[in-house]
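Working notes, beginning with the structure itself.
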Amino acid sequence: MTMMASHFSSLTSKMFSVSTSDHASVVSLNLFVALLCACIVIGHLLEENRWMNESITALLIGLCTGVVILLLSKGKNSHLLVFSEDLFFIYLLPPIIFNAGFQVKKKQFFRNFVTIMAFGAIGTVISCTVISLGVIQFFKKLDIGTIDLGDFLAIGAIFAATDSVCTLQVLNQDETPLLYSLVFGEGVVNDATSVVVFNAIQSFDLTHLNHEAAFHFLGNFLYLFLLSTLLGVATGLISAYVIKKLYFGRHSTDREVALMMLMAYLSYMLAELFALSGILTVFFCGIVMSHYTWHNVTESSRITTKHTFATLSFLAETFIFLYVGMDALDIEKWRFVSDSPGTSVAVSSILMGLVMLGRAAFVFPLSFLINLSKKNQSEKINIKQQVVIWWAGLMRGAVSMALAYNKFTRSGHTELRGNAIMITSTISVCLFSTMVFGMLTKPLIRYLMPHQKLTTSMLSDDNTPKSINFPLLDGEQQDSFVELSGNHHDVPRPDSIRGFLMRPTRTVHHYWRRFDDAFMRPVFGGRGFVPFVPGSPTERSTHDLSKPLSL
């Protein structure tokens, strides 16, 4: 009886502790959801503020919440959830990158594809090299613990990753289409390149560096880029073909919306399963889905998918910045550097300086080389635009945080002084760059480019005249409608010399359109090839009422 009573008491104690733990998790989730709601409301109230944006608002709310939790817990804790790089890479990043590909104005993006790849791939490698050489040179003079060559190279990859989320909130796709296209495209390719470089550094044997290893690294990058892109395109085409052939909208719009969402997420997970770049895969899957699949669903599903993907992306972005703000005050990491605050400040300052230098090392030289290949003056990147591109890419955010946690922590915790210094320095650089550079980017753009005129190149690209602008048709959808309408009288025509110089670009696009209309769209659907199918009860009833009554 005594043993049974003891066992029952032990079991009751375990059940009570589990219940208490579950209750604490529920309380934490409730508070976090409430904070997300506060970020949305306060961000809306500060919409017209020239200094603030939603990213900075979420960061400040996270910082204030961290201070409150730190005071209530008497200095023991400052955040509600423990950061996990798996949470970031598997659940939060996919909807952000997919929505970027789904909403992008494709003609503007692919017109600048070579420039984007130069900035995103070559530029990231240059920035990583500059930062790595800088930390090797300066960190050896500081007492920050044991850091080997692999750590130095990993630091270069960590801080070469720009924050594409924050920069896209700063720039406007309609006011500055060229700048938005370059910064946006570079951000996506930069994230993918940084992750690939980081993983390659983690897996390479750095004790035997030679020319063969360098070629192997380059071949591995090209392999990952091409296969990741093909996987994303294939997944998008499969979704378009299945939805076009099966006509889910005849019975339920919910099924076709659910299938689009699941296929998008499946593309990312397949890339992770095959050790490819999930960022590139889900991005190109979004582009293909917006070009084919989106036109194959019913009108109500088009509206639903547009808003659903945008909402998921917005919530993921807000979640990331809110958590980064709270985690900045994690007492466990700051306790290791409390005895030497000067070292932590020096490390953060050196990293911030190297970030600025590393970005300048490729933005201006590559822009000069790219301008040499451009015959048309309007397609060249002038010095003011170069300054904006350099400045907008100085912000560091969630990707840098996730890679730093992956390298210098174990399950979100660290026990080594050197690792703690690197984590706190990463947090400091992310906060400083996002808040300071993010707040100054809007005024900088207004100062350098005070009057944005709608030029011929803008009109001929993705921006349509207001008289034929449809709110539900974004990017290529609007652009396609204008082409079908055949009304080009109001659009100013370029002179003969400019038209001659731009003819190669138009010829490539012309042949692609012919191939797309002749082979791709008849098979995979798209604009102009899908019959109307009533998808919702309202549409179905309206469609039925339009039929004559038979007696």
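Just so you know, glycine gets a Cβ as well, placed from its N, Cα and C.
Look at TrEMBL and you will find 24-46, 58-75, 87-104, 116-140, 221-243, 264-289, 309-329, 350-368, 388-408, 420-440 tagged as transmembrane segment. The domain 'Cation/H+ exchanger transmembrane' annotation in TrEMBL covers 34-445.
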Recorded stretches the transmembrane segment (58-75) and the transmembrane segment (309-329) touching, at least 3 CB pairs under 8 Å: yes
For the transmembrane segment (116-140), distant same-chain residues with Cβ under 8 A (at least six beyond the ends): 109, 147, 149, 152-153, 155-157, 159-161, 181-182, 185-190, 192-194, 197, 221, 225, 347, 350-351, 353-355, 357-359, 361-363, 366, 369-370, 389
Annotated stretches the transmembrane segment (350-368) and the transmembrane segment (420-440) touching (3 or more Cβ pairs under 8 Å): yes
Positions whose Cβ lies under 8 angstroms from the transmembrane segment (420-440), at least six residues beyond its ends: 51-53, 55-56, 59-60, 63, 144-145, 147, 151, 155, 158-159, 163, 166, 170, 321, 324-325, 327-328, 333-337, 343-344, 347-348, 351-352, 355, 391-392, 394-397, 400-401, 404-405, 407-409, 414
